[in-house]
């Protein structure tokens, strides 16, 4: 089989693997975005409140970050193909079982924990294996992988809404199970072992001029610039998924907008997000020497937080469309700029270590954020105070970047100035590898 042979970078088979992985990532990312559509049905079906129901979805999403170190260990020991196959089967089995479960807490275990592990296995195997296949075209491929977030939001939310409205919650979960089962043959295109890519690893090292040895350096916890950004992005992730999770329920309960119309808001958000991720990445690359990338991050995240603060003022469907597009566009500053921000903080050689801290931290905050916001909404009986709290925390995270000025601007290694385009490419690679 082609995937077992000695592969060559940037070959025709590499593009086959890229397309297979892109479909897999589209389904996984789409399931994250679609949980907001499931929430009203889950609350009715199990008789649970916002807090408990939101905990189910937020844990499913956050565990895909938190399990990242475990999954990278699996790929090293078992290979990409076996890890991806295990993840796809675990996801499919878990969601199929969820469609028959009547007890909420048993549903919680299968939907949140086992599915969270399965999504991490499938997600990171797909990302890592693609990056092992490309050297020359890696920047283009990373753009394709990043776009699956928006495409998944656009496609899977519409499929989920159609299944829910026509066939109900149980059959919608079975539809998810079938979608994840369909990724099994796609995973068969992956290489079986990571050592099948020695040629790519050698070329990658030559192109990026990375030394093969590691030297001890001071802990990243003493890098004040990185710690400020880590704290900021953690607070930002606390509220980053709030619009996607609670927007449909807000429309249905307070604005009398039907779920069918509310589900279309994901389409507007996905379209804006698809454009913004590419826009901000390319803008940052083109103007890298002419403005501070931290200021662009701070501007976009502040605007996102302000939109959350103003969301309770929305009283029409047109206003919700406008907010959805603003959320999608400003989100490019949070997600798309992350590689360059880490580069500015720690330099090329310590990126992987830095992303280990970030993966765990944002996974934790994105897990507890929707739960706390849901608790506030349940306590007061409406979503206004909840959105105000989420927006305030978002703006607080953005405002923390002003602390950089107190420590004299950039507090990073001398490696920050080593390279331009190659640095950007390597950083995007590291983001997709760890996250």
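Quick reminder: no glycine exception, Cβ is built from N, Cα and C everywhere.
Segment annotation: TrEMBL labels transmembrane segment over residues 266-284 (candidates 247-265, 266-284). Looking at 205-225, 226-246, the range annotated in TrEMBL as transmembrane segment turns out to be 226-246. Sequence-remote contacts of a segment are chain residues at least 6 beyond its ends whose Cβ falls under 8 Å from one of its Cβ atoms, and for the transmembrane segment (296-314) they are 232, 236, 239, 242-243, 250, 255, 280, 283-284, 320, 323, 326-327, 330-334, 337, 341, 383-384, 387-388, 390-395, 397-399, 401-402. Away from its own ends, the transmembrane segment (172-192) comes close to residues 2-4, 7, 13, 16-17, 20-21, 23-24, 27, 31, 38, 41, 79-82, 84-85, 88-89, 91-96, 98-99, 118, 122, 125-126, 129, 132-133, 156, 159-160, 163-164 of its chain (Cβ-Cβ under 8 Å, at least six residues beyond either end). Count of Cβ pairs under 8 Å against the transmembrane segment (52-71): among 78-98, 266-284, 320-343, 355-377, the largest is for 355-377. Counting same-chain residues at least six beyond the ends of the transmembrane segment (355-377), those with a Cβ under 8 angstroms from any Cβ of the stretch are 49-51, 53-55, 57-59, 61-66, 68-69, 220, 230, 233-235, 237-242, 245-246, 338, 342, 383, 385-387, 389-390, 393, 430-431, 433-435.
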